[in-house]
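Before any comments, here is the structure.
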Amino acid sequence: MSLLATLGLELDRALLPASGLGWLVDYGKLPLAPAPLGPYEVLGGALEGGLPGGGEPLAGDGFSDWMTERVDFTALLPLEAPLPPGTLPPPSPAPPDLEAMASLLKKELEQMEDFFLDAPLLPPPSPPPPPPPAAAPSLPLPLPLPTFDLPQPPTLDTLDLLAVYCRSEAGPGDSGLSTLPVPQQPPPLAPLPSPARPAPYPSPASTRGDRKQKKRDQNKSAALRYRQRKRAEGEALEGECQGLEARNRELRERAESVEREIQYVKDLLIEVYKARSQRTRST
């Protein structure tokens, strides 16, 4: 048997009454099935040369001592000692004073009532006016086209009826009156020229011509700017050249004057040398 099975058997014996240990003794005499061996567990019979799972352990072997040893499990019981049967449980805390609580509640209610009575009665705030309805976007209505009422010429039927009425009014005996001449129908009026409707898009020819003209104008303006820039550069170079020429003339004149002075000094030195040599010869 394993250690857990042995401990379980000892606990059952300690907890069960003495009257119920008879069947447990009989149960202990039954042969037990061999328990599965763990990696560090061997049977006592195998150690002593007996068969595993059968036979009684030998007296004085290593298993019989600790298997029959009594274990004290009182250390696992709760630390608090149970109350003896004659003692009473500790008294519960006294309930709060109901009269004191009622008086405090009454005072609070009186203070709240005084506060509400002293507060001025303010009229309820009026609700904010509703926002004005958003104006619907008005679409521009098309303007009515002007109508031209042209005087219509009288028709031939109206003229004929008018002539018959005039004859009947003149009478048959009135021969002095001549018949009214039939008025000539006025020439029909020429239709009014309709306003020229602009083309929905420019023609390709005009667009191409506009592009060429625009390109030509751009080239002209670019050439004009180039000529102006070159003219300004030429004028600046010409002014600088004139300044350098004036400086060159001034330096040339100064160099010529210095050269004349040097030649004059040379001539003086030659004359002095000649005069000194003549003086030495004469002496």
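Placed from the backbone N, Cα and C atoms, the Cβ positions cover glycine too.
Annotation comment: Swiss-Prot describes 121-145, 183-203 as compositional bias 'Pro residues'. Annotation source Swiss-Prot lists domain 'bZIP' at 209-272, citing sequence analysis. Taken from Swiss-Prot, the feature phosphoserine covers Ser257. The region 'Required for protein stabilization induced by IL1B' feature in Swiss-Prot is assigned to 1-21. The annotation region 'Disordered' is assigned in Swiss-Prot to 118-154, 168-241. The feature region 'Basic motif' is assigned by Swiss-Prot to 211-231. If you look up Swiss-Prot, you'll see 237-251 marked as region 'Leucine-zipper', on the strength of sequence analysis.
Using a Cβ-Cβ cut-off under 8 Å and counting only residues 6 or more beyond its ends in the same chain, the region 'Basic motif' (211-231) has no close neighbours at all.
Every protein chain considered, the tally of other Cβ atoms within 10 Å of the Cβ of the residue listed as 'phosphoserine' stands at 10. DSSP places the residues of the region 'Basic motif' (211-231) in helix, strand and coil in these numbers: 21 helix, 0 strand, 0 coil.
Counting residues per DSSP class in helix, strand and coil order gives 15 helix, 0 strand, 0 coil for the region 'Leucine-zipper' (237-251).
Over the region 'Required for protein stabilization induced by IL1B' (1-21), the average per-residue pLDDT in this prediction is 50.
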